[in-house]
Every structure is written in structure tokens, then in C-alpha cells.
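From Swiss-Prot, here are the annotated features:
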- 1-21: signal peptide (SIGNAL)
- 24-42: disulfide bond (DISULFID)
- 35-63: disulfide bond (DISULFID)
- 48-52: disulfide bond (DISULFID)
- 67-79: disulfide bond (DISULFID)
- 80-85: disulfide bond (DISULFID)
């Protein structure tokens, strides 16, 4: 009986671990959302366009499979791998 109970506990833990997905803040509202499967990296990107001096940088947050390449019009780029780390 103890062996059966221990087996059920182990199977439950393994199944829960397999189903884990990342949560990241998603723009424009910065609310936490579950990322699609395979997108385990949170990112925060601040980029400038021709109106940057008036309204400030455009902020984008979300989930990605790989960190975006840094570009010259970016003010900053953050990629991280813990829940809701892209604030």
C-alpha cells in the first residue's frame, strides 16, 4: 500500500512538472499571461521611433522562443527566464 501511494505521488509530481509553462508580462497592459508552449523567455523591449523625443520609447513585453537581436533603435532589451521577470 505504501509503495502504491509513493508511486502515485511520484507520477503526480512528474506530470505536473511536464505541464509547466512560463508566465510573462504582456504589453500594452503589463498583465501576466501564460506563454505559448515553446516560448519560455520573457522579454521587454524599449525602442525609439521618430516620436521618441515627444512621447518616449515604445515599450513591448511578451514571450519568445529566442531573445530578439538588439537593434540600433532600441533603448533597451531585456530577456529573462523566470515568471513575470520582464517588468
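Yeah, the Cβs are placed from backbone N, Cα and C, and that goes for glycine too.
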By a 10 A CB contact count over all chains shown, which of the disulfide-bonded residues listed here is most packed: 42, 85?
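The most densely surrounded of these disulfide-bonded residues is 42.
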For the disulfide-bonded residues listed here (24, 35, 52, 63), which one has the lowest count of neighbouring CB atoms within 10 Å of its own CB?
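Minimum Cβ neighbour count within 10 Å, taken over the disulfide-bonded residues 24, 35, 52, 63, occurs at 52.
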Measuring Cα to Cα, how far is residue 35 (disulfide bond) from residue 79 (disulfide bond) in Å?
14
Hey, does DSSP put residue 63 (disulfide bond) in a helix, a strand, or just coil?
strand
Taking the Cα atoms as reference points, how far is residue 48 (disulfide bond) from residue 79 (disulfide bond) in Å?
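So the Cα of residue 79 (disulfide bond) lies 18 Å away from that of residue 48 (disulfide bond).
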With DSSP assignments reduced to helix, strand and coil, which class does residue 52 (disulfide bond) get?
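DSSP assigns residue 52 (disulfide bond) to helix.
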To see if you understand the setup: which same-chain residues, six or more apart in sequence, place their Cβ under 8 Å from that of residue 80 (disulfide bond)?
41, 42, 43, 86
